[in-house]
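Asks: Here you go, one structure.
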Amino acid sequence: MADYKHTLNLPQTDFPMRGNLAQREPEQLRWWQEHEIYRKQREAFADCPTFMLHDGPPYANGQIHVGHALNKTLKDIIIKSRHLLGYNSPYVPGWDCHGLPIEQKVEQKIGKPNQKVSATEFRAACRRYAAEQVALQKDGFMRLGIFGFWDQPYLTMNFETEAQIVRALRDIVAAGHVTQGFKPINWCFDCASSLAEAEVEYQDKTSYSIDVAFAVKDVAALAKIMHADVVPAAVDVVIWTTTPWTLPANVAVSIHPEFYYVLVEIEGWYCVVAEELIPALKSRWKKSADWRICGRALGKDLDRLTLRHPFIDRDVLLINGTHVTLDAGTGCVHTAPAHGVEDYDVCQQYGIDLIHCVLGNGLYNDDTPHFAGQHIFAAEPQIIELLQTQNRLIAVEKITHSYPHCWRHKTPTIYRATTQWFISMDKAGLRQKALDGLNEVAFTPDWGKPRLLNMIAHRPDWCISRQRYWGVPLCFVVDKQTGQLHPDIVNIMDKAASAIEQKGVEAWYELSLDTLLSGKEVDRYEKLNDVLDVWFDSGTTHYSVLKKRAELSYPADLYLEGSDQHRGWFHSSLLTASAITGKPPYKALLTHGFTVDEDGRKMSKSLGNVVDPNQVIKTLGADILRLWVASADYTAEVSLSPNILNQRADAYRRMRNTCRFLLANLHDFDPEKNSVAYEKLLPLDRYVIAVAHDLQEKIKKLYVSYDFHLIYQEIFNFCSVMLGGFYLDVIKDRQYTVAQNALARRSAQTAIFHIIEAMVRWLAPILSFTAEEIWRYLPGKREESVFLTKFYEGLQPLNDDFLSMHDWELLLQLREKVNAALEKARNQGIIGGSLEAMVVLHLPPQEYEIAARFEQELRFILIVSAVNVQPSAALSIEVQHAIGEKCERCWHYLPDVGTDHQHPTLCKRCIENVDGGGELRRFA
C-alpha cells in the first residue's frame, strides 16, 4: 500500500502548543526592554491625537495585591487598545508616598520622631522606606506586562512634585478658598491626627443608648408658652444620645422649630418630648401608665428657654435647629458643638461658645468636672452611674449601630474641635463649581454620577491640615496673635516651593523666617509645621503631573479607579481642580468593583481566600490574570478564586490552540507572493473574512466603551464556534488535499492570514505576552512589535453576488440541523464519523436555492461524503451510509475509489490532486 502522507499539505509550526507562560513571559519582558519597544511606541504614535488616562497613585506600601492587578491591567488594556485605534496614549505610573502608614512602618523600625530620632532623620527614613516600596511594586506591575514610563514615574515625594503641590495650594489660597477654623472634625486617637472624609469607614459598634433629663429653669414660662393646664413644680426636657461621653461638653438642646412638642405627665413626672414620638417612647421607657398631655407648642415658640445641665453646674440653652429629625430619640437633641458638625453650626448661629474638654489622646482635660484624666470611652459607665445618682437617667440600653472608624486602625473615631485649615466648600463658590463641572463628565457605570454629585452637595469643608511629620508642609506663615495668614502669603509660598524643589520638604523646616519675611516682621509671625492631607497630594496630580510633563496633556480623558475613589481621588481631584481652574481635571470617570471570592465574600487571611497575584503569575502566568480581568464585568464586585482562574486557563488554551492552528496552516505562505486577490477568493473565504471584519468593528466599539468582558466573549466564541466549529473544520480538506499552490488552497490561506493578522491585534491589549509571541511567528514583513501597529485594515465586508450574510446564516442553521441528524444516525449505528454519511436534504424554496448554489461542494460544507438536495414544502433530513469505499488520502467514502489500478486506494479527486492538474474548487 502506497504512503500518500507526503502528498498532503499537513499543518506545521514551531509555535508551541503549551504556553508555559510562567517561564516564557520573563523572556518576553526582557525582549521588550532590550528592544525599547515602549520608546519606539511613543515615537510611532507621536503625531496621533492623544488619549490621556491619568494614573491614580497607589500607596507605596507592601506587595501588589489582586486589587492592584485588576486596576493596572484595566488601565493597560485601555491604553493598548487606544493605540490600536490610532491614538497616542502615554502612560505615566505614579505612587502616593507620604502619609501615616509609612510613618507607622518607620516608627516600628527606628522609633517615634523627636524621641529616639530627630524629625529630620525620621523624614529621611520615611523617604527611603517609600522608595523601597515603590521599587517592590514597580517590579510587580511590570511583571503584569503593563506598558509605561517605568523609568520616569511620578512620585508625590519627588522634590519637583512636592514643590508643585505647594504651588497648587498657593493657587487655591490666592483664589480665596482656604479658611482657618476651630471646628469639629474626624479625629483618631491612634493617629493623633484629624482624618479626611475619605479616611473614615463605617463599621458596627456597640454603644450605650441613654435618655437623659434636663431640668427647665423657668417652669412657669414654659407652661405659659405651651398653654398647659397645670404649672408643675418641675419639668424636664428629655434628650436621647448614643455618645454619653459627649455630655460634659453639652451646652444646648436643639428642637425643630416646626415640630410640635408636648408637656406630658407620667405618674406625677412632667417632661417635654416631640408629640409624634410618644408611641416609641412608651415602648423604650417601659412606662405603660397613662401619658396625659398637659400642654402643646411648636418648637419655635420654645426657643431660648433655659435648662440645667444634668450633672454640671451649667445653664443650657434650648435652641432651634432644622437638623433635628423624628427618626429616633425624643425630638430633643443633645448639642455639644465641640463634637458634632451640625451641633457646631447651630451653636454658631446662636453665638454659643463650645466647651473643649477632650484631648487628642482621648482623655478628658483637667478642667472636666468629675472625669478629668479619664479616657472618654472608659468613663461612659461612670457617666451613666452619675446620671442615675442625680435621678437624671430615664432609660439605658446597649445598641449596635453603624459608627465611624479609622480606615487604618479600624478603631472608633470621634468628632473633636481643633484649630485646622480648611478648603471651604462655599466661601468662594467651590461647591457649585464642582457640581456644575460634574455635569460635563461621563461616568462608567452611570450610577457613579448621582453618587458623586450627592457627596459633593452634602460634604463639609475639607480639613487639609495634619499634625504629622511625613508629608508636604502647608508652608503657611501666620500671625502669632491672631493666627491669620501673612498678607503676602502667596509670595511666601512661592519662595518655599522654590526651596522645596531643590531639597524636598526638608527645606521648609530649614528655612528661617528672615529668609521669608522682612526683619521687622520676624517677631510677629511664625511658620506652621502642619502637613497636608495626603489626599491633597494625590488630588493635585493633575496640576503637578498632567500640566507639568511635556508628554502628557490636560485635562485627562479618563480617571479609572475602584468605586471607593468617589470619596477619595476622584473627589479630591475634582475639588482642587475646580478651586484652581473652575473645571474638573477629567472628561470621564470609570470605576471598578472590589475583588471577592467566588462566593462573593471579601478576601481576608482569616477566611483563607486571599489570592496572591504574584503566586498566580509564578504558576499560571500573567496572561491568565489579564484574561481574568478582561473577562470580568468590573462594574460590580469581581470574583476571583483558583477555580475561576482554571476556567480562564482553559479558555486561554482554546484561543491559543486556535491561533496555533492558523499559524500551522501558513507555514508555506508568503503574503507578498501567495495572497489571492479578494475577487478571486472562494465564497466561503470571503464570508469568513466578512465575519472577521464585522467582528473587528464590534470589538473596536467595545474597546471604546470599555466593555472588555464582551470582547472576551466575542473572541472566544469566534474561536470556538465560527473557526473551530465551522470554518477551520470545513477547510481542512481543501488545505490538506488539494495541490500546494492550488488557488483553492491559497484562497483559504489568504483568509487565514487576514484572520490571524486581525486577531493578534484584538488579543494584544488583553493577552499581551501571547500576542507578541504570535506576532513573531506570522509570515511576511511587519513591524518589530504588535504594539507598534493599529487595528488591521485588510478585512472587508461581504461584497459578492454568491450569498448574502443572511443567506450564510441560514446555511449555518441548516448545517446545525444536519449535524443533529448525523449525531442521531451515529447513535443508531448507521454511521461512525460524518464522512461515512450521505445526506438527503428535502428543503423549502429559500434553503433549497442557497444549498443548490454549492452544487457538489455542499458536501464539504457539511463534512459528509455525498449530498442529495431535493425541493420540498417542508424541511426534512435523511442520513444514509455513503456508497463506496473510504479513500485512504481524503477519507471520503466514494464509488470511484479503486477504479484506478495505479492508485487503488484513492478516489478520482485525490488522483487528480496527486498526479493531474488538481481539482477545481469554486465555492468551498
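Note: Cβ is positioned from N, Cα and C throughout, glycine not excepted.
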Asks: Out of 58-68, 443-453, 476-486, 663-673, let me know the one Swiss-Prot marks motif ''HIGH' region'.
Replies: 58-68
Asks: Given 72-76, 282-286, 602-606, which one carries Swiss-Prot's motif ''KMSKS' region' label?
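Replies: In Swiss-Prot, residues 602-606 carry the label motif ''KMSKS' region'.
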Asks: According to DSSP, folded down to helix, strand and coil, what is Glu561 (L-isoleucyl-5'-AMP binding site)?
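Replies: Note: Glu561 (L-isoleucyl-5'-AMP binding site) is in a strand by DSSP.
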Asks: Where does Cys910 (Zn(2+) binding site) sit by DSSP, helix, strand or coil?
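Replies: Cys910 (Zn(2+) binding site) sits in a helix per DSSP.
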Asks: Which residues in the same chain, at least 6 apart in sequence, have a Cβ under 8 Å from the Cβ of Glu561 (L-isoleucyl-5'-AMP binding site)?
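Replies: Non-local contacts for Glu561 (L-isoleucyl-5'-AMP binding site): Gly56, Asn71, Gly568, Trp569, Phe570, Thr591, His592.
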Asks: Please compute the mean pLDDT of the model over the motif ''KMSKS' region' (602-606).
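Replies: 76, rounded to a whole number.
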Asks: Around the Zn(2+) site formed by Cys887, Cys890, Cys907, Cys910, list the extra residues of the same chain whose Cβ is within 8 Å of the site's Cβ centroid.
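Replies: Counting only non-site residues, the set is Thr737, Glu888, Arg889, Trp891, His892, Leu894, Val897, Leu906, Lys908, Arg909, Ile911.
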Asks: What residues, ordered by sequence, lie under 8 A Cβ-to-Cβ from Cys910 (Zn(2+) binding site) and sit at least six positions away in the same chain?
Replies: Tyr4, Thr737, Cys887, Arg889, Cys890, His903
Asks: Return the residue, from the listed binding-site residues Cys887, Cys907, with the maximum count of other C-beta atoms within 10 angstroms of its C-beta.
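Replies: When each Cβ's neighbours within 10 Å are tallied, Cys907 tops the list.
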Asks: If you count other CB atoms within 10 A of each CB, which of Lys605, Cys890 wins among these binding-site residues?
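Replies: Its Cβ has the most other Cβ atoms within 10 Å: Cys890.
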Asks: Give the distance between the Cα atoms of Cys907 (Zn(2+) binding site) and Lys605 (ATP binding site), rounded to the nearest whole Å.
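Replies: The separation of the Cα atoms works out to 67 Å.
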